[in-house]
Amino acid sequence: MSLYSLLHAHLGLTMGPLSIVAISAVLVMLIELLLPTRFLQLPVWLSLLGLLVALVDAFIHLSQVPQYSLHTLVSDGLASILTCLILLLSLLLLLFHVDELKSQTNQFPREGAYLFLFATAGALAMVTAVDLVTLYVGLELLSVSSYILVAMTRKRLALEGGMKYLVLGGVGSALFLYGASFIYGMTGQTNLYTIARMSHQLWLLNPAIVVLSFLLMLCGLGVKLSLVPFHYWTPDAYEGASASVAGFLASVSKSATFAMTLRVLLYLFLGSTHDVFPYVAAMAALTMVAGNLLALGQNKLRRLLAVSSVAQAGYLLIPIALLAQATPNTWPLVYNSLVFYLVSYSIVTIGAFAVLSILEQRYEVQEIADLSRLPRQYRWLRAAFACFLLGFAGMPLTSGFMGKLYLLIAALRLHELWLGVLLFAVSVISFYYYLKPIRTMYQKQLFTDNGEGQAVSRQTATQTVIAFCVLVTLLLGVWPGILLQAFSHVQWY
Amino acid sequence: MIELALILCLLPLVAAVFSFVLRKSSAWLHALVATLAMLISALLALIVFFHLYHRHAMEASIHWLALNHDFMLTVGVRLNALNNLMLVIVTLVSLNVMLFSYGYLKTDERIGIYYAYLNFFAFSMLALVMSANLLQLYIFWEMVGLCSYLLVGFWFFKNEAARAARKSFVVTRLGDAGMLGGILLLALAAHSFNDSTQALLAASGNLHLSWLSQPHLLTLAMLLIFLGCVGKSAQFPLHVWLPDAMEGPTPVSALIHAATMVAAGVYLVARLYPLFQLAPGVLETIAYIGAGTALLAACIALSQRDIKRVIAYSTISQLGYMMAALGIGAYADGVFHLLTHAFFKALLFLAAGSVIHALAGTQDLFQMGGLRKKMPITFYTFLAGALALSGVVPFAGFWSKDAILSAALASRHYIVYALLLIAAFCTAVYIFRLIFLAFAGQSRQPALTEHAHEGGWEMKAPLLFLAIFATFAGFLNTPLNDDALTRYLEPGMPMSEYQNWPILSMLISTLVALLGIAVAYLAFQRWQAQGSPVPPERGRPWWIQISYRKFYLDEIYYHTIQRAGRFLSMLIDLFDRYFLQGLVRLIALLFYGIGNALRMTQDGLLQSYGTIALAALVVWFAIAVFRAGGVF
């Protein structure tokens with residue numbers, strides 16, 4: 001068998017997008033090294049090209065039969081759908097990152113371009129790998145790139161946020177690795193499928209160690225997912241990072257980590273004799289409640305979005321907590337509701353951060369109260385921001401509502417109704433703080449119009465991203481069937 | 001075909017968006033866009049109608065939302081005999097109204113908004129008619145209600161208009177609440193909102209819940225749904241909103257009364273006819289409510305002074321005929337009357353609009369007179385509509401009204417027949433009273449009528465067009481052509497039932513109509529010819545007073561329901577203000593407190609963050625150790 005056919009047979013499907021992104025990351029890094037300094041945007045455009053090719057590749061192979069290659073990578077439903085999602089999200093983020101580069105206030109170095117690609121490659125590895133080592137490598141690739149991206153602008157806040165993220169993220173990685181090492185120690189295996197097959201024996205062997213490793217891995221991932229009380233790095237990192245990087249942390253990083261969490265917990269711990277998933281449920285409840293309460297008193301937009309992303313992580317944890325009651329028959333329900341909410345939440349998040357980047361660059365908006373400075377003629381921007389905030393809150397006719405509705409239905413069908421009820425109860429609180437910026441925006445103008453604000457070149461790319469996100473938010477809110485219909489054909493695992 | 005139907009339904013929506021976005025542009029542009037869109041829609045509706053004339057129903061749906069693995073909400077389009085016919089009626093009437101509105105409102109500076117509402121109204125009605133399931137139908141049903149609210153209150157700066165709009169919205173909402181309950185009940189039992197599925201289940205006796213057997217469930221659900229129809233189609237006792245809805249611009253009244261809003265109730269009964277037939281007792285109720293409403297409204301119309309109110313009560317009365325027809329089992333006749341009524345009632349309203357326009361807003365009949373010579377086209381078209389309404393051979397109303405009357409006779413519903421026959425007599429009287437007062441003799445207010453003249457061609461053309469329909473539409477369904485429409489609507493019906501000429505019934509109803517006209521002539525033509533002065537407000541005989549005051553129904557409602565409602569709302573307000581609000585404040589304060597306490601832990605120090613994280617881990621371990629059934 002020639003090398004080509006080997007590659008084609010095994011890697012074409014499972015590794016196609018991943019390798020394309022990784023190769024373009026290396027290429028962009030080399031090109032950037034040799035490029036004269038005046039080509040500021042070229043690396044980003046090259047990165048965008050790489051992502052686009054990868055996305056097309058992933059999209060073409062979407063309907064193929066799942067493959068399993070090298071005992072490491074798969075292309076099952078979760079992997080291929082999340083690959084598409086992550087590539088799309090990265091594409092959107094890089095697109096409005098282009099405008100950030102142009103802005104003088106930001107001073108974002110162009111090296112960011114390939115760091116985004118490396119981080120994306122890490123995220124892709126996290127969703128396609130079924131081997132603990134590969135998963136860990138993916139996680140670290142994503143995390144390390146993110147640490148640098150956060151601190152990249154070298155402002156005081158950015159450095160502080162990056163530093164905190166680095167240290168706490170390191171703790172998280174260590175906890176995860178520690179937990180995984182117990183599993184390896186007991187089974188001598190790192191492959192998830194193999195461990196899943198011997199999962200039952202594992203529990204018979206020494207349940208205490210398994211519970212220990214479960215909690216370690218959950219807390220380790222909890223740091224990355226910013227679950228309460230491991231969320232402390234979140235507001236600082238989001239505040240310090242540039243808008244696109246914060247959006248990246250909130251969408252791509254979170255999507256990949258949630259997919260990985262679902263896969264790892266499901267494969268490793270399902271044959272349990274001791275029910276471990278109530279810990280997840282408790283953590284989801286704690287995160288939802290604390291996240292929403294924390295957000296009530298926030299005055300800064302960045303921190304508001306950061307804390308709200310903590311609360312959203314609590315919602316996203318619900319399907320995983322539902323695994324306690326799920327049987328293989330009802331697994332698709334868990335997958336459907338999680339992935340639907342991920343799509344909805346990520347799109348809304350990216351839209352919100354895109355709006356925020358325009359607001360910050362033009363009007364130096366930081367506090368919620370600053371929003372009243374927005375000139376009257378910015379009605380589209382205002383409407384878009386309102387749409388995203390309502391999407392976060394879960395207003396009917398936005399995708400957020402449908403996502404929450406599906407979480408509720410899943411909770412109902414898997415007999416964990418209290419989680420669904422709690423979800424809607426805390427959503428009521430969330431309306432309060434999401435509506436606050438909207439109210440400020442639409443209040444009577446306290447100041448006279450101050451024209452165009454900071455002189456900034458046209459932000460066409462950002463506007464495109466915002467328009468796209470609004471469209472998707474409303475479309476999924478009005479017609480969620482378009483996605484769910486497709487999901488019903490997906491073989492998730 | 002489905003695509004064509006979708007296009008014909010969406011065109012008005014596009015026009016609505018256009019008018020809304022460009023609401024500042026000139027009036028003729030709005031009128032042009034609206035009329036063109038509706039013209040294309042009407043053509044498409046005709047194409048769909050004739051293409052599917054001899055075929056089975058078509059239906060296409062997409063999944064909208066999966067609530068459960070066996071409960072899918074869908075959105076879809078259904079084209080069947082009834083729906084296609086409704087599409088044609090709605091688009092044709094709307095087309096005329098769109099054109100006429102330009103003449104009526106071209107000086108109004110908010111005409112862009114007006115056309116946006118009007119188009120949205122038409123869109124909602126078309127979408128309602130095409131809906132493939134009851135949930136979708138309900139959504140558009142509410143949108144139709146919303147549009148009528150907006151249009152009736154279009155001149156919101158007029159106090160009466162705002163009040164009338166609110167009244168129409170609230171009263172119809174009363175019925176809608178019941179209707180939603182009925183729809184949900186059916187859906188709960190059938191696991192589907194699709195009414196054909198429900199009808200199939202009901203036909204096989206499988207439509208029931210664990211706590212409710214099929215006959216009871218159907219009776220309850222259909223009565224609730226009928227409540228919605230009572231509200232929308234202005235049947236007794238929820239008819240009070242319709243006359244007040246006259247406060248909107250007159251073309252809107254034409255649209256509401258002829259083709260859109262009020263027709264929706266009759267349409268829904270016709271659409272759910274298979275279910276109604278299986279619900280014991282409900283059709284009887286419908287028949288008597290319909291017949292009673294027909295007579296009551298006709299009596300009220302006898303003495304009204306406002307030209308639009310006369311026609312409005314006439315609408316209520318005619319809707320009563322349709323309901324009665326459906327109630328006694330004459331399904332096709334009811335729908336047929338809906339069709340003819342749509343044309344002649346739109347005609348009457350537009351002609352009345354033309355009169356009001358000519359007299360600069362005067363609506364009092366006793367101020368008019370002698371308009372025949374000033375406005376010949378309006379007069380003759382109005383006459384055609386009036387003849388159709390009172391059921392004189394060979395105008396449209398004759399064929400459809402007589403079909404209902406003879407069906408009542410044939411099915412031995414003698415009480416219904418008697419009520420409807422008396423109502424027919426009153427109908428002829430009140431509409432010719434209107435004609436004699438407004439058009440005949442001399443003007444009583446020369447200053448007012450001196451400058452009266454016809455509107456422009458955009459007002460005359462719809463009148464002529466509708467007059468042709470009001471005259472000839474009856475021939476769609478006569479014994480002459482083997483009752484073509486009946487056969488189209490009820491293909492499975494045995495031939496024998498419709499092949500004989502109901503000569504006796506035809507004779508009686510013609511006589512009654514002529515008698516009514518004669519009475520109107522004797523009472524008003526002579527009076528008119530004498531050039532008598534405007535009669536005073538007081539000193540009417542008591543029987544006219546009762547009719548003029550609409551049997552005091554408004555007063556009764558005011559003193560019972562509204563008073564009770566106010567008292568209740570006051571109690572609730574007190575409870576709300578002093579108890580709930582305090583509670584809410586307290587809860588909000590609590591949440592804020594917890595949130596702020598949590599925020600205290602965010603002290604910005606990395607070491608404390610790490611400590612908290614690790615402490616949390618330890619807590620989890622401790623829980624695992626001490627948990628019941630733990631493993632340590």
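Cβ atoms here come from the backbone N, Cα and C positions, even for glycine.
Noted in TrEMBL for the protein shown:
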DOMAIN    A:129-429  domain 'NADH:quinone oxidoreductase/Mrp antiporter transmembrane'
TRANSMEM  A:12-35  transmembrane segment
TRANSMEM  A:42-62  transmembrane segment
TRANSMEM  A:108-127  transmembrane segment
TRANSMEM  A:133-153  transmembrane segment
TRANSMEM  A:165-184  transmembrane segment
TRANSMEM  A:248-270  transmembrane segment
TRANSMEM  A:276-297  transmembrane segment
TRANSMEM  A:304-326  transmembrane segment
TRANSMEM  A:338-359  transmembrane segment
TRANSMEM  A:380-397  transmembrane segment
TRANSMEM  A:417-435  transmembrane segment
TRANSMEM  A:465-487  transmembrane segment
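Under 8 Å from some Cβ of the transmembrane segment (A:248-270) lie the Cβ atoms of residues 78, 82, 85-86, 89-90, 93, 116, 119-120, 122-124, 126-127, 130, 132, 135, 138-139, 142, 146, 149-150, 183, 192-193, 195-196, 199, 210, 214, 217-218, 221, 224-225, 237-238, 241, 276-277, 280, 305-306, 309, 313, 316, 319-320, 323, 331, 334-335, 338, 342, 345-347, 349-350, 353, 493, all in the same chain and six or more residues away from its ends. Counted over residue pairs separated by six or more positions, the transmembrane segment (A:380-397) shares fewer than 3 Cβ pairs under 8 angstroms with the transmembrane segment (A:165-184), which leaves the two as not touching. With a cut-off of 8 Å on Cβ pairs spaced 6 or more residues apart, the transmembrane segment (A:417-435) and the transmembrane segment (A:304-326) reach 3 or more such pairs and are scored as touching. Residues 12-13, 16-17, 20-21, 23-25, 27-28, 31-32, 35, 75, 80-81, 83-84, 87-88, 90-91, 94-95, 97-98, 101, 110-114, 116-117, 120 of the same chain lie 6 or more positions beyond the ends of the transmembrane segment (A:42-62) yet place their CB under 8 Å from a CB of it.
Counting residues 6+ beyond its ends, the transmembrane segment (A:465-487) has Cβ neighbours under 8 Å at 81, 92, 95-96, 332, 335-336, 339-340, 343-344, 347-348, 350-351, 354-355, 358, 381, 384, 387-388, 391, 396-402, 406 in the same chain. Long-range neighbours of the transmembrane segment (A:133-153) within the same chain, counting only residues 6 or more positions beyond its ends whose Cβ lies under 8 Å from a Cβ of the stretch, are 72-73, 106-109, 111-112, 115-116, 118-119, 121-126, 159, 161-163, 165-166, 169, 172-173, 176-177, 180, 190, 224, 237, 240-242, 245, 248-249, 253, 256-257, 260, 264. Panel annotation: around the transmembrane segment (A:304-326), residues 225-228, 231, 234-235, 237-239, 246, 250, 254, 258, 261-262, 265-266, 270, 275, 277-278, 280-281, 283-292, 294-295, 298, 333-335, 337-338, 341-342, 345, 349, 352-353, 356, 368, 392, 403-404, 407, 410-411, 414-416, 419-420, 423, 426, 430, 433-434, 437 of the same chain, lying at least six beyond its termini, place a Cβ under 8 Å from a Cβ of the stretch.
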